[in-house]
Every structure is written in C-alpha cells, then in structure tokens.
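**Student:** Just dropping this structure here.
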Ligand SMILES: Nc1ncnc2c1ncn2[C@@H]1O[C@H](COP(=O)(O)OP(=O)(O)O)[C@@H](O)[C@H]1O
Ligand SMILES: CC(=O)N[C@@H](CCC(=O)OP(=O)(O)O)C(=O)O
C-alpha cells in the first residue's frame, strides 16, 4: 500500500471517544451474541473486530454466545424436529448432545479462532469447565433444560486479569455430571450480574423490542422492567424474545446499569452502541 492509498484517521472522532473510553475503562462489557445475529461471515468479522477493539481500548469484553438456529439445522440433519416452549428448546438426550456439539464444539471454537487471529488471547469455556455454570433441571417437561444455580465468577475474573476474552457456551452441569442446555439469554443475565458488569448488550436479529403503532412496527426505545409481563400477556412479546427480556429484567433488578437489545445485523452495531449516547435499540431499565 502506498502512502497516498492509506486512509487517514479522523482525530476529532477519536477525541469524541474519550468520555466513553473513560466510562468503560477496565469495565466488564457482557456481550450476548445470539445465533440469529450470526448472519454471515462479514458481519461475524465485524462483531469480532468491535470486541477486539474494545479489548485493545482497555475494556473487558466477555462473550456469551447462542446458536439456536445452528442447533435446529443440525437436529434437522438427523431427522429431529425442534419444539420450543416459551422460547426454550425441549431437550431430550440426543438434543442435548447435539446442542453441546454445536455450541461448545463449533461456535465457541470459531469465535475463539477469530479473536485470536487479531493477537488477543481468547478461551472457549462451556459451563461445565471449571464449574463455570452449575445448573439443575428447570422443568421435567422440558427435559435437559437447565436452570442456573451458580456461576463461577472467580474463574472468569481470573481469565480477565490475564487478558483473555472468555467465550462462554450456555451449557450447565450438575454435581452428578449431568449436562443441561441453557438458554443463552438467561445465562447472559446471570453472568452479567455475577461479574457486576455495568453493561450488558444483547445482539439479536431485530432492531429491538418491537410494538405495532398503526400500520407500522416500531422499536420500543425504553422499557421498564414492570412493563415486561404485560407485554408478554398481551402477546406483544413472544417466542425467543420472552427469555431475552426476562433475562434483561433480572439483570437490571440486580445491579447491571445498562441493558441493551440491539440489531446485530447492522454493521459495527456494538461500537456504535458503546461510543454514542444515541441508542437505536431497546434499553431495559428499572
Ligand atoms: N415484540 C417483539 N419484538 C421483537 N422481536 C420479537 C418480539 N416478539 C417476538 N420476537 C421474536 O424474537 C426474536 C428474537 O429472539 P431469538 O430468535 O431468540 O433471538 P436470538 O437468537 O438473538 O437470541 C425476533 O427475531 C422475533 O422474531
Ligand atoms: C434451552 C434453550 O433453548 N437453549 C438454547 C441454547 C442456544 C441459544 O440460546 O441460542 P440463541 O441465543 O441463538 O437463541 C437452544 O437450544 O436453542
């Protein structure tokens, strides 16, 4: 590349970042990377670039990833149909094995490899590693769906102090070695609380929590935790959005200052969110 081909950095833009860098310096930023936001390779690259940049700028990003659509596709390949109850996948033994393979074996490894390629240390952990997520059965009707009991935040903090970006798969384990499939949104909330993360960002495949206004669907920019149950009862919030908003509500009730649901399909949506007070998605507050 010749000197004239090189793009100039805009110093004014960098200076404008100072208040945000100050706000988030050495702070844990919990990022939930939903399976539906893993749309294509270019977008995945941009999400990883944003996270790597946060790390180089002195923040402590922690990733908890999903992968629901990939689990569904893999199950279809072996002739198994998926059933969901209020956004949770009914999980028999075979579904459990496939979920673990896809989440820990495929998606986490891919994310770790991508992060490492930028010179940042990253480590993939499933909830069973180092007692990271201790869980029990949520409801016998859902099979091996887990309810989180404890999070080993000490392990995550140790990794952060050694400059790793942890990439966590939402698999839990009980004292007898039984593994459970945990909704990644639920896990995100619990981990954010335990790490005392000031910020939790949920990357999904929609602009935010939507509500119809006349003929149009519009983003609800701010949603109070007390409104959530009404939205669910009225059928405004359905499917996968139910565990998402419930998890976000738990976070804000338990000390997380800002929880955002944002559109992971937009280019560099994470950086836009962190470095601006103009939020485009939904903020959940208490
Ligand atoms: N009120 C709502 N606003 C936005 N999305 C909603 C709403 N109700 C249901 N949904 C559905 O929830 C989906 C997001 O949840 P989910 O598919 O589990 O995402 P992810 O894979 O990111 O966790 C949206 O794509 C949409 O289909
Ligand atoms: C119990 C349960 O529903 N587990 C989820 C775990 C993955 C997940 O949550 O992925 P997304 O964030 O992409 O939806 C599942 O099996 O789909």
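Heads up, the Cβ atoms here are built off N, Cα and C, so glycines get one too.
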**Student:** Among 152, 157, 178, 181, which residue does TrEMBL annotate as binding substrate at the site that also has 67, 68, 89?
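**Tutor:** Site partner of 67, 68, 89 for substrate, according to TrEMBL: 181.
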**Student:** Near residue 181 (substrate binding site), which residues of its own chain have a C-beta under 8 A away, given they sit six or more steps off in sequence?
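**Tutor:** When sequence neighbours closer than 6 are ignored, residue 181 (substrate binding site) has 89, 91, 95, 96, 99, 100, 144, 145, 146, 170, 171 within Cβ distance under 8 Å.
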**Student:** In which DSSP state, out of helix, strand and coil, do we find residue 244 (site 'Transition state stabilizer')?
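**Tutor:** Residue 244 (site 'Transition state stabilizer') sits in a helix per DSSP.
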**Student:** So which other residues, same chain and not among 67, 68, 89, 181, have a Cβ within 8 Å of the centroid of the Cβ atoms at the substrate site?
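**Tutor:** Close Cβ neighbours, site residues excluded: 35, 66, 71, 72, 99, 102, 103, 170, 183, 184.
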**Student:** Of 67, 68, which of the binding-site residues has the most Cβ neighbours inside 10 Å?
**Tutor:** 67
